[in-house]
Every structure is written in structure tokens, then in C-alpha cells.
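Taking it in order: structure first as C-alpha cells, then the write-up.
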Amino acid sequence: MTAALTRAWEGVRWYLKEFTGEARWDDYVAHCTEHGHTPMSRYEFERARTDAAEKNPISRCC
Amino acid sequence: MKTVAIWTVVAVVGAVCWGVLAIARGETISALWLLFAALCSYAIAYRFYSRFITYKVLRADDKRATPAERLENGRDFDVTDRRVLFGHHFAAIAGAGPLVGPVLAAQMGYLPGTIWIVVGVIFAGAVQDLTVMFFSMRRNGKSLGQMIREEIGLVGGIAALIAVFAIMIIILAVLALIVVNALAESPWGVWSIGLTIPIALFMGVYLRRLRPGRVLEATGIGVALLLLAIVSGGWIEDSGLGETLTLSKEWLVLALVVYGFVASVLPVWLLLTPRDYLSTFMKIGVIVLLAVSLIIARPVLQAEAVTDFAREGTGPVFAGSLFPFVFITIACGALSGFHALISSGTTPKMVAKESQVRLIGYGGMLMESFVAVSALIAACVIDQGLYFAMNSPAGATGGTVESAATFVQGLGFDTSAQDLAAASAAVQEETLISRTGGAPALAVGLAQVFSQAFGGGGQAFWYHFAIMFEALFILTAVDAGTRVGRFMLQDTIGNVWKKFGDLSWRPGNIIASAVVVGLWGSVLYIGVTDPLGGVNQLFPLFGIANQLLAAIALTLCTVLLVKHGKLRYAWVTGIPLVWDLVVTMTASWQKVFSGDPRVGYFTQAGVYRDAQNAGEVLAPAQDQGQMDQVIFNSTLNGILQSVFALLTLVVAAHAAVIIAKAIRANGLPTTEEPAVPSKIVEPAGLFPTAEEKRAIAEHERLVGAGSGRSEAEEK
């Protein structure tokens, strides 16, 4: 029971982090660790991501 | 064997629900019959029809790499988990449209709207979304306009480009009109919606400076502040600020135009992105809440199955008979051309496996259709006298509870002036009479369902909660739409004047934004001040425009099926295309040429012009100035209507030539990208099948866990 609840909670957390794009940072850090790079600061990373969004407008339908 | 049994049960339950709906006459029935008839139909359509389209017609092939895999760059091309992409796609396609259209169409009864929403989505809307997404995916995520230019021809492409831009302006204006009608004379609404701006700004700064990237944290704070903004609206209303925040429609138009302009030139991180997080979470939260409350509350339908307005076409909410006007009033939720813009371009660049377009394209649209059915139910469970008092223009209701009660009693409802006054007191609004646009009526419906489900009254809170959430995502759509329109304009003019196309050139941004905002702002102003009622006049234009765009998209899909040598399957998009053309062209014809002044724009203008020449003032116009306004608006609407229809016919005629050529040649070359083998193994549907689980385990054993992603990232 507890195990199932934990799994469900983990699932929701995973989904929300992926959905909002928060997980991108974790992916990036994991990637750097794997390849032995020093990651840039989170501030720089998020800044680059939001600046890229500037040229790529989200479409919202009616 | 087990699956056969399950699908037989689903089919039987669906058939029983439809049967009950068909037989029930003159007695009240539970809204759950509608809900389950829809759900069972969706399940069967998804299981069988979407599977047929994906594998037999389109031949999605998971051995081919998708553009996301081939061109992965971590930005627009990005392999995304199917469940996450489903959420993104759904959030992008579903907005106020599926909530508002069905509410207005409820004037014809619950049955015509429900049937169109369910049948339309299964055979037209979801098919369009799926096929456009598939063809765009096979072309590296090209946009609808680009594909039309390359596959149909330059003239068709230009016609489509103009149509898309013009239709977008109309859509933005009508969406903004709905917000204006919901917020006018409502200090509570203005206060809570106004507060979303500082809340979004705070979240923007939080995500940029204080705690970069912590989106969930920021959104959690934002939602809490938002709820506080709604609750505090009730206190504000009774305080001194209430007077100040009671804004007329004209002031709200000005506020929206200024806001739209500023929002579209500000950096996205400051306002647009955080507002989008808020609106997306609110949207999904409310939809889930509504589905749950409908099942708990089990409300009874107050509307008739089919009203007299459906047969006679004399409805006060919008004029015209059932055919074709139910089919254009409900666009989003059944068939929405605007989705073709999102299904081409953004989403296909992120699909991991080809077969997943079935879940994302077809499944996402079914979900929107479900939202539309829920909205229709919300409009049909409120007192129908109140429904008509709210949704008929002020020219018909007279604007006071007494005159409105007389008006709805004339329609055959026994709703009294006291009932109408009590209804507005219950939600703490000054008045509910002629609050057109659908949003306030939906909010009353939602407030009733929510307070019935959770008990404890709170109608006023729920009403303003619903208004807030509708306004929130309409404003997000307006922000995003203005920006997209600005990019389109800059891109198009950039072809002749290079500098203007440079997105980092500030003066270009400002001019293009001003043009886009100015265009939708003027249409909005015209709608708001229209003596005949802006929603009544403009909503048909909006619906027809949206479905003409669908006709353009379905034309492209049919052309591509024939070009790919799949003539025998061309009916899959061909039938909805023919249906859509018949509906939109009949509607356009009637709006342009009908001799009935309530339907035909030019006849309407003519009647008012004749009266003016005779020196008379025709109600609901009150003076010669308003007479001029009616004549000008109706003529303008008529011209716009004709232009949209002609542009669509130009595209269709060009397409017919290409189709004829392709049939003679047994197919023609297309711009489809050549196949490249895929290295990713992933399930196609929401839940992996046993076979897919085995395949994934096998793949991971051979190449190591998570190989698809990390390999793509190394590039």
C-alpha cells in the first residue's frame, strides 16, 4: 500500500517536473557528470533556456 | 477474448446512453447519460478508427526516426515523453473555444450540440489534428502555410497565409470580446483578473532571479496568490474600491489593447511564460474538478432536447437555423482549424515515435471534445429562463430584470423577475441580464455544479473562480496570439523588406505589435459597441473563420493522401472536408446573401439604410449614430465573411487541380523527408503493452539503458 502510494507520488512528481521543463536541469547535470564536464550555473542555464523561448513563441489556441 | 468482452460492454453502454437520449422526450433526464454516451463513443473511436487511420491510412512506421530524434537540438526539436507531450499539446489546443461555443449552441437544445461534438470530433476534428500532425512530422515539422505553398502551389500558399492571419485577428478579437463581456460592470472580476498581472510578474522575476528554474515552486505560490485574489474580490466589491473597479466595456477595451501591446513587446520570461504556467495548471485543474463534480452532483438537464429555435432559426442568442449554424457555433471541441497551426510546427518536432501521433493528435482532440461536452452540460443544467436572459443581447432583454423576465416569459419560460434578481444576488454580481459571450453563463453553470457537488454553497466564489479561469486563459491566448501574429507579419514583410524580418530589431517588433493589436483592437471595439450585440454579430464570423481554416487544413491532407498514392483512403479526410465545405459555404452564403435581416449581413445593412433614408430609427438602435454603426458593422462583417470564403475557395480550387493531376499520374512526388532508421524504442500508447515492455527491455539489454536520449544529446 505504502509502496504503491510512494510510486504514485514519484510518478506525479516526475510528470510535473517533465511537464514544466524543470527536469531539463537535472538531465543537464546528469549529462555533465557522465561526461566529466563542469556544468554552468543554474542561473546561466535557465537564462539560456528562457532566451531561446523568446524566438519560439508558444501558440495557444482558442 | 477478454478484450472482445470489454469492448462489447463499452459498445453496449454507449448504445444504451444514446438510446436513452434519443427516447427521452418531455421528461427530465440526468446529465450523466450525455457524459457517458460521449465517453463510450470516444473509447470506441480511439480504439478502432484512430488505429485504422494511423496504421492503415498513414502507415506510421516506428522504424523511421522522427524529426525530434534526427534533428534533436534541445530546443524546438526535442524528443519528449509521449505523456508529457500529450499534456503540452492539449494545453496548447484547448482554451476558451470549447467552453464558449457549446454554451451558445445550447439555445438549440442539448441534443444537436452533443451529437455534433461527438460525431464531429470522431470523424473530422480529431482526424484533422492527427493527419496534419503526421504529415508535418514527415516534413521536419513544417508549418501549415509552408506545406500548402510547397504541396499545392504559391497562389494557394499566399491565399492560405492571408486567411490564417485574418482568421487569427478575428479569433483574438472575439476571445477578447468574451473577456470584456465577462468583466464589464464586475468589480470582483476586474480585481481578480487585474491581480494576475502582478502575480505573473512576480513569478517571472522569481524564476529569473530569485530561484531560477524552480517552476513548480513558483507556480504553487502563483496559484495560492490567485485563489487569494479571487477570495479578496468579494471584500473589494463592498469597499470603496468597488466603485473605481466598475469599468465600462469601452474602458475595458482600452485596457485590453494597452495590455496586449505591452505584453507582446515585453520579454516572454517576464509575463507570458509565468502567466502560461498559471493558466495551464488552472485549466487542467478545473477540467478535472468539473468531471469529478458532474459525477458527484449528477445534475438534471433543464434544457429541452431540441428547442423550437433549432427548427425555426429565430433564436435570440445567435440567428440562423440548426443547419448550418450549430455546426459553426461549435467549432472548437468538434472541428477547429486553429489546431492545424499547432499540430503543424510545434508538436511534431517533439514526437518521439511516429505511432505516438495517434495518442497525441487524435487523443488530445478527444480530450478537448470532452471539455466541450462538459461545458454544454453546464449550460443545460441551469434554469433555461436565466440562460436566455443572460445570453440574449440587451436589445432583446431590455437590460433590467423586469423587462428580461417579460422577454423570457414570452419565450415560454416561467422565470420571474425575482428569480433573475436572486440568481445575480447568489453570485454577487450587479446583474446577469444580457451578460452575453457564454463565459458568464458557463460560470453560473459551473458554480451550480460545484456547489451542488461539494455542498456548502459558495456560489459567488465558484462563479468568480470560473470567470477568472476563463479570462486567464483567454488572456494567455491573446498574448500568445498577438506575438504569433507579430512574428507572421514580420516574417511576411521580411520577404520584401529584409530589416523588418529581423526579430531582434526593436522598431520592427514595436510596429508589428502595434499593427496586430490595432487590428484586433478595432474589431473588438466594433463588437463591444455594436447595438445589435457583438457576440450575436461576431461569433458566427469567428466560427465560420475557424472552420474555413479547417477546410484549408483538410484540403492539404486530402491532397497529400492522393499525392502519396493513397487515393482509396482519401475519403478519410475527404468526407470531413466535403462536409465542412458544405457547412461553411452554406453559412457564408446565408451570412452574405440571406434575405432575412437577422441572418444576412448585407440585408441587415440594407434594412437599416432604408430606414435611415426614411428618417426613422430602428430598434435596438437608439439614434442616427447607432444606425450608422449598424450599417457600417454589418457591411464590414459581410465583406470579411466573403473574403474568408473566397480565400478558402481559391485554396480548394488549386488543390482540385493538383488532385486531378495526381490521380492521373497515380501519385506525385512530395516533400516528405527520406526515411532514416530510428534508434529509440518506446511505447505507442499511454500504457505500454506486454509486447512493448519486452521490446524495451530487449533494447536496453542490447544498447544500455536510456540510450536513445543520451545519444541524441551528445550531438
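Here the Cβ of each residue, glycine as well, is placed from N, Cα and C on the backbone.
Not measured: the values here are computed from a predicted model.
Annotation comment: TrEMBL describes B:30-587 as domain 'CstA N-terminal'. Residues annotated as transmembrane segment in TrEMBL: B:32-49, B:115-137, B:158-182, B:188-208, B:215-236, B:251-272, B:284-301, B:321-342, B:362-382, B:460-478, B:508-526, B:538-562 (among others).
When Cβ-Cβ distances below 8 Å are used as the criterion, the transmembrane segment (B:251-272) is approached by residues 176, 179-180, 183-184, 190, 197, 200-201, 204-205, 207-208, 475-476, 478-480, 482-483, 486, 509-510, 513-514, 516-518, 520-521, 524-525, 528 of the same chain, each at least six residues removed from its ends.
Between the transmembrane segment (B:215-236) and the transmembrane segment (B:321-342) there are fewer than 3 Cβ pairs closer than 8 Å, counting only pairs 6 or more residues apart in sequence, which means the two stretches are not in contact. Remark: the transmembrane segment (B:321-342) contacts the transmembrane segment (B:115-137), by the rule of 3 or more CB pairs under 8 A. The list of residues near the transmembrane segment (B:538-562) in space but at least 6 beyond its ends in sequence, with Cβ under 8 angstroms from a Cβ of it, reads 57, 97, 101, 104, 124-125, 128, 131-132, 135, 144, 147-148, 151-152, 160, 163-164, 166-167, 170-171, 173-174, 177, 318, 320, 325, 327-332, 335-338, 340-341, 523, 527, 530, 569-570, 572-574, 576-577, 580-581, 583-584, 587-588, 591, 637, 640-641, 644-645, 647-648, 651-652, 655, 658-659, 662-663, 667, 670. In summary, the transmembrane segment (B:158-182) lies against the transmembrane segment (B:508-526): three or more C-beta pairs, each 6 or more positions apart in sequence, are under 8 Å. Here the transmembrane segment (B:115-137) sits against the transmembrane segment (B:32-49); at least 3 CB pairs are under 8 Å, leaving out pairs fewer than 6 apart in sequence. Residues of the same chain lying 6 or more positions beyond the ends of the transmembrane segment (B:32-49) and with a Cβ under 8 Å from any Cβ of it are 7, 10-11, 13-15, 17-18, 20-21, 24, 110, 114, 117-118, 121-123, 126, 294-295, 298, 301, 362-363, 366, 369-370, 373-374, 376-377. Mean pLDDT of the predicted structure over the domain 'CstA N-terminal' (B:30-587): 94.
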